[in-house]
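Engineer: Heads up, here are the entries from TrEMBL:
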type     : residues                                               : note
DOMAIN   : 36-178                                                 : domain 'AAA+ ATPase'
BINDING  : GLY44, ALA45, PRO46, GLY47, VAL48, GLY49, LYS50, THR51 : ATP binding site
REGION   : 425-503                                                : region 'Disordered'
COMPBIAS : 443-495                                                : compositional bias 'Acidic residues'
Amino acid sequence: MADWTEKYRPSTLAEVRGNNKARDAFEKWAKTWDDHREAVVLHGAPGVGKTSAAHALAADMGWETVELNASDQRTADVIERFAGRAAKNATLAGASAGDASGTREGRQLVILDEADNIHGNYDRGGAGAVTRLVKESNQPIVLIANEYYDMSNGLRNATQDIEFRDVSARSIVPVLRDILRKEGIEFDDDALDRIAEVNSGDLRSAVNDLQAAADGKERLAVEDVVTAARDRGIGLFEYIDSVLKEDSARDAIQSAYAVDETPDDQVKWIEDKVSLVYDAEELARAYEFLANADVWLGRVMATQEYSYWRYATDNVAAGVAAARDGTYGGWTRYGGAPYRSTRDKTRDDVVRKIAESGGFSMGTARRDVLPFLATVTHHCKPRDVTVAMAAWYDLDESAVSFVTGSGETTNKVQSIVEDAAEMREAEMEAHTGGAFTGSVPDDAAEGADGNEDDAGSDEGATDADDELDADVLDREEDETDAGADGDPDAEDDDGQSGLDDFF
Ligand SMILES: Nc1ncnc2c1ncn2[C@@H]1O[C@H](COP(=O)(O)OP(=O)(O)OP(=O)(O)O)[C@@H](O)[C@H]1O
């Protein structure tokens, strides 16, 4: 699969978006190079098009390129060999590909990446060697740097500089739109806005996110963007560091979507660990956001309206990150998991059952399937769907009451579980290796050797399973049509993605 950042790398300067001033200055530098013979530094944040601009300019000018990584020891060797001595008569490539007289035809554009990162590699002469090279080269040189002021004084004085600014969300969107048009993929405008926003100025990562979310699809919707960010995944402690130490509010939100923890767990972890990092004032602010997050989580519980989750996420990630004004680095001993209530434990048991019986990852079970089930069986209605669910996932009373929000001890829940048990038995008798093999009790599974491979997979599904599927689907539609959820939008997103995974 082609990497879209390569496939859609600008091939001419005109395609480098969002930095018109820098682009014009760069073009002027190239066109007047014969007159000044100075090297130029393109500096700015990662992914804003510096390297692309250098290659695009060379193409526009009809110049060859030689690209070297300045922090690479091999580059150091090459430079040592040529700096101050042969640079006038040879190219950095070591070959005599260039025209020594420096005519435009034979010109090579030397692109020296990571120019802010060369200290340490140049024991003999340090950045001085590069500075010498830059001063004496017979070929145009472009240095690329993220941090201009990390470059040595000497090097800065010997070069022109052009700053590349972060590419605004407004300039990112058309780039993404062009790519999707070329790929023949339709899209919701919201989806592109969202990618542009969360990537705060970094076009490369925006294009990467776009590919992750859209590649292979006919249409890109905003849910795909959220799901893709989540699938890319980051670890829990990476997430905590992102919120408490490293990232802006905006990037912290992205981490929140990338970590495999639901908002309520995120709140628990951040609540538990924030005091290990923040000072008193920051803590006071952070706790306010956490309190807001709790309010939204409460609303989710009360209404089963999972779309409120995002407000909890905004508060726990962006809010808590924004509450910090100190700079924190280094490593923190965060310690173990926060306290878990009985309810948390029940939930984890339910999620595990869903994951095992349905063949889902824990994350998918927790985030997509459980909310979906909770929505379609709210208060055990419709009853037959609830029975089918309990049978399918082999749920006991506490699990059914957790998912549906109905009291465990109610007759309603008990009779549902009984009917589900009957349904399972009937199904098991009717089919071996059918729908319920994923949750056959251990001893039975051992006896039915060879069936384990089918566990949790839909492949062994029978006609009866299909009927069950269709039944659940029909019910879901009825519910929605009748507006029984109270809110027709009620986490349609989760319903949809859960539905895909489910069947
Ligand atoms: N201004 C831009 N216009 C169009 N596409 C861009 C732009 N900036 C980045 N891209 C896309 O992102 C990819 C990577 O960009 P590029 O390598 O030029 O960024 P960079 O600023 O040099 O980053 P780094 O400092 O990390 O090398 C490009 O191949 C292209 O797909």
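From the backbone N, Cα and C atoms, a Cβ is placed for every residue, glycine too.
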Engineer: Looking only at the domain 'AAA+ ATPase' (36-178), report the model's average pLDDT.
Structural biologist: 77
Engineer: Return the members of ALA45, PRO46, GLY49, LYS50, THR51 (the binding-site residues) with CB less than 6 angstroms from at least one atom of ligand 1, or none.
Structural biologist: PRO46, GLY49, LYS50, THR51
Engineer: For the binding-site residues listed here (ALA45, PRO46, GLY47, LYS50, THR51), which one has the lowest count of neighbouring CB atoms within 10 Å of its own CB?
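Structural biologist: Candidates: the binding-site residues ALA45, PRO46, GLY47, LYS50, THR51. Fewest Cβ atoms within 10 Å: PRO46.
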Engineer: Run through the Cβ atoms and count how many others sit within 10 Å of the one on GLY44 (ATP binding site).
Structural biologist: 22
